[in-house]
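Chemist: Please find one structure pasted underneath; my questions will follow.
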Number of protein chains: 2
Amino acid sequence: MKRTAYLSDLEPYLDQTVTVQGWVARRRDLGKLIFIDLRDRSGLLQVQVEPGSPAFAEADRMRGEYVAEFTGTLRLRPESQRKEGLGAYELIADSAQLLSAAVTPPFELSKGEDVSEDIRLKYRYLDLRRPEMFQKLLIRSQVSAAITAFLTAEGFINVETPMLTRSTPEGARDFLVPSRLSPGEFYALPQSPQLFKQLLMIAGVDRYFQLARCFRDEDLRADRQPDFTQLDIEMSFVNQEDILDLNERLLRHVFKTALDVDLPSPFPRLTYQQAMDTYGSDKPDLRFGLPFVDVTDLFAGGEFAAFAKAACVKVLATGELTRKQIDELERVAKQNGAGGLAWVRRDGEGLSGGISKFVGKVSGELLSRTGVEQGGTLLFAAGEWKKAVTALGAVRTALRDLLHLASAGFETVWVTDFPQLEYDEDNQRWTYMHHPFTAPHPEDLALFGTQRQGEIRAQAYDLVLNGFEVGGGSVRIHDPEVQRQMFGAIGFSEEEAHAQFGFFLDALASGTPPHGGVAWGFDRLIMVMSGASSIREVIAFPKNNKGSDLMAQAPSSVNAAQLAELGVAVLE
Amino acid sequence: MKRTAYLSDLEPYLDQTVTVQGWVARRRDLGKLIFIDLRDRSGLLQVQVEPGSPAFAEADRMRGEYVAEFTGTLRLRPESQRKEGLGAYELIADSAQLLSAAVTPPFELSKGEDVSEDIRLKYRYLDLRRPEMFQKLLIRSQVSAAITAFLTAEGFINVETPMLTRSTPEGARDFLVPSRLSPGEFYALPQSPQLFKQLLMIAGVDRYFQLARCFRDEDLRADRQPDFTQLDIEMSFVNQEDILDLNERLLRHVFKTALDVDLPSPFPRLTYQQAMDTYGSDKPDLRFGLPFVDVTDLFAGGEFAAFAKAACVKVLATGELTRKQIDELERVAKQNGAGGLAWVRRDGEGLSGGISKFVGKVSGELLSRTGVEQGGTLLFAAGEWKKAVTALGAVRTALRDLLHLASAGFETVWVTDFPQLEYDEDNQRWTYMHHPFTAPHPEDLALFGTQRQGEIRAQAYDLVLNGFEVGGGSVRIHDPEVQRQMFGAIGFSEEEAHAQFGFFLDALASGTPPHGGVAWGFDRLIMVMSGASSIREVIAFPKNNKGSDLMAQAPSSVNAAQLAELGVAVLE
């Protein structure tokens, strides 16, 4: 038989004969009646089988997670039992068919949230039967379709770039693939399509996008996956404003289509400098306030030695905190490079507790600058600018979680004007902050090779959503001369640059249009959109944090003949 | 400056000031004028720069493949010089800007077709600037967007399946990826998402699709790529008719959207038996006729020894052929397993040439059964059925190419009812024809394990377009008992089956709905749709037939530290 419709689409068939198919979510026997909650991806419907029904014998064989079909009359449940949505209906079965039996599930699906993640991953095909898991797959698919439709309508061409490509020593670790046809040589799985998308611009494709699988062999503790998905976009003959505008319109379309949520137009913007200075983070969560107030001047040269010589003193005003909460926040501050966490409490027209005895002289000014409420707390960080704001930024985020400050909904912000270069203290050298093809601001070009090259601003931007970096990109260098300056600034000789990026530099000299683009962390975006707690929740078959697929049991050992053919051996 | 529009979208701006950007396709100096053909992805526009123009000095620096911008007045060319489309217009430049210089290209783009493929692949970013190459990328993108829109509207969920998965010894060779976190163990890149899409059905996803990258480490001579793209579809609670219907509607939508071509409804169908019997191929090209006529009975027990005892004698009637053409066709027949190629020519009311002296008695019957025209040729194949039809099928295809028989346009056909099992002569054992999860026809189930198991028909089907297999699929086994019979038929013990597919068999026993699906060879489909001669033409950055990316120079050797970290070594 054919089903009449998905369960959630049955309402037009009230009082008619319908056929339904799905899984037995629950079976109850009440007196002589059998009640079966039938589940499909759209919902749950109660099926009632009466003892006299021809369906009874077949229904009586059914157990949890069996696949079943019922035909019968759809009717409203008695008024007292009527619930929302499908819960208002029931099916009185005239016939039943067991389509497929099931072994007893290793965990109860309705209690899936409480089951260890290892078990859920091992039996992922059961875990995905839970409606909340299906919902995440559905949102992911809707977002991907909305992106494709929007970008296609805007003239973007979906181009698939290579999955077996060349290993480059820079950046994260590559996954390698031995080549059977060229023994001793290896492909690398792509960390991103960066070079290929720029080559497509050089090729005149003009507007490109791809939902691209990318691979990084990194440590996986921080909610990462060895392979992940990136929405990759690149455009020619554009400037930064054009790219930001396109991204805003795309993200608004995506939110409207998949969640019926209106994002603002335009998105707020902060420069990197502002974001760090005000929130201590280059991905500030704007679902709550708590901006930093600069009070360096209040303490400069003053009596409080810890602050007097600090290049930067920042303060953040929050509500009343317990001693225990302050201790917890101090722990966070210390983890993030601070020596401690100075604090005071507003007490009437003055300040008490913490470092209050050192701030008497400036307390009036502190109260007026911060506007701290009665009983509220001021939290301080002091020191070198970046260290101070970073530590206080971590405290701010911890406050969000501690006090549940984040509002419901979604807050976007562009962070722009990232530094072009950063100094790598470990290796005592300058390196790029985004990637070596990021274009600097034209007015900062003269700083290359000077003492001040750390001040060069890049035409680079991140898209931040609820405190997560969900996208990032840049205008690219299209002038080979600027590219040479950039390689020079990070200490690449012409030979090194050519050894690593030779074919790309050749391409760059072949008529490169001005271009730029963006990459969205697709898994992370879906995670935020669907309210999931981890990217593993929005990936159908994820790896655990050891890089293992617990269901398929990958990776695994392979037979010697396979390896011999590839010209490689396992080291003992 | 911002461009006003793509070149092909300029027509509304006639006699207005416009800004255009693109590549210098050609520069000519005529008298004191400079003419530049400017190219973007949409077309070519002639720009005229007069000696007095402020644009002149800048335009004078421009060479082939430079990136340039012009602002000026768009006007109609003089009537005598007016051509089609953009060729009717020219831009009289008021200002010019050189955006990016270019080294002299290693080949002339307008003569790209004549350049060796190695050069084109090495400089793919130049090759893709050719309008005919961009057109193929565009069709590919349009088809992919049309598929996404259609399937999403039909309730299909786009799910991304793992790229780092488990190696299975069956089937084609896997690409392996050493795991750093589990030294000595390997991931495999997926040959197809087959198991995962079935797991998604078991998970209740109900309708799934994906444009999935797949990997097979096979020999590459026959226009294959190590990685390729597959449109993967799977549906639950359906039968074969539902799947064929969905595929037909999807392909019609795709052709209409991307090419404005109407495909028929429904598609013609042939069983495997019919296709082989009539065209000697399970992917018959129906753009021309030349069906086989069975004449086994005419020769059975007769005087012509070569045919008298043959289990099968087939004849094909074609037009007049030269001796040289017949020799060429005989070569094809021999390459395809025939001992030779018997032929006769219609000559008035009789037959002459070739084997005419052996067919005198049946010539009248041959003429009437085949309807061969005056001067036309009959070509014979005889022997064991499959060998005879296969050889004559190859002759039929060779005739198509020799005589240019294929009509313009597109001819689709479903080939259904493939055998479930085939006998592997090399290894002296039965094996599956599609894959081990294909469902047999229910009425043939009793033949499992009997002498006649070779007659079991699978619920398997191929979608054939112009003689190319562009899709294939099956209804899957959802009953663990049938799956056990199937493994038994191909000689898999319970232990072997579990060692290889254990987690999948566990899943199959967990409540599996009836389901089935299809996979389209996406590259091949785009190749046929765009009239390309190879799948390399419809892949942005393909590998050559040694599996090398000549542009990026992959695969390559990697440094020893990388390998050591992965726990592998290169064998000397």
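Backbone N, Cα and C atoms are what each Cβ position is placed from, and that goes for glycine too.
Got these off TrEMBL a minute ago, pasting:
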BINDING   A:Glu170, A:Arg216, A:His434, A:Arg476  L-aspartate binding site
BINDING   A:Arg216, A:Asp217, A:Glu218, A:Gln225, A:Glu469, A:Gly521, A:Phe522, A:Asp523, A:Arg524  ATP binding site
DOMAIN    A:139-555  domain 'Aminoacyl-transfer RNA synthetases class-II family profile'
REGION    A:194-197  region 'Aspartate'
Chemist: Express the distance between the Cα positions of A:Arg476 (L-aspartate binding site) and A:Glu469 (ATP binding site) as a whole number of Å.
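Modeler: A:Arg476 (L-aspartate binding site) to A:Glu469 (ATP binding site), Cα-Cα distance: 20 Å.
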Chemist: Let me check the 10 A CB neighbour count of A:His434 (L-aspartate binding site). How many other CB atoms are there?
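Modeler: There are 18 of them.
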Chemist: Name the one residue among A:Glu218, A:Glu469, A:Phe522, A:Arg524 whose Cα is closest in three-dimensional space to that of A:His434 (L-aspartate binding site); these are the binding-site residues.
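Modeler: Result: the closest of the binding-site residues to A:His434 (L-aspartate binding site) is A:Glu469.
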Chemist: Counting Cβ atoms within 10 Å of each candidate's own Cβ, which of the binding-site residues A:Arg216, A:Arg476, A:Arg524 comes out highest?
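Modeler: Answer returned by the neighbour count: A:Arg476.
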Chemist: Other than its own, how many Cβ atoms are within 10 Å of the Cβ belonging to A:Glu218 (ATP binding site)?
Modeler: 16
Chemist: Any idea what the model's mean pLDDT is for the region 'Aspartate' (A:194-197)?
Modeler: 96
Chemist: Compare all C-alpha positions of A:Arg216, A:Asp217, A:Glu218, A:Gln225, A:Glu469, A:Gly521, A:Phe522, A:Asp523, A:Arg524, the record's ATP binders, and send over the largest distance in angstrom.
Modeler: 20
Chemist: Sort A:His434 (L-aspartate binding site) into helix, strand or coil using the DSSP assignment.
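Modeler: The residue in question, A:His434 (L-aspartate binding site), is coil (DSSP, three-state).
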Chemist: For A:Glu218 (ATP binding site), which DSSP three-state class applies?
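Modeler: Its secondary structure by DSSP: coil.
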Chemist: For A:Glu469 (ATP binding site) and A:Arg216 (L-aspartate binding site), determine the Cα separation and express it in whole Å.
Modeler: 18
Chemist: Per DSSP, how many helix, strand and coil residues does the region 'Aspartate' (A:194-197) have?
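Modeler: So the region 'Aspartate' (A:194-197) is made up of 4 helix, 0 strand, 0 coil.
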Chemist: Cα-Cα separation of A:Arg524 (ATP binding site) and A:Arg216 (L-aspartate binding site), in Å?
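Modeler: The Cα atom of A:Arg524 (ATP binding site) is 15 Å away from the Cα atom of A:Arg216 (L-aspartate binding site).
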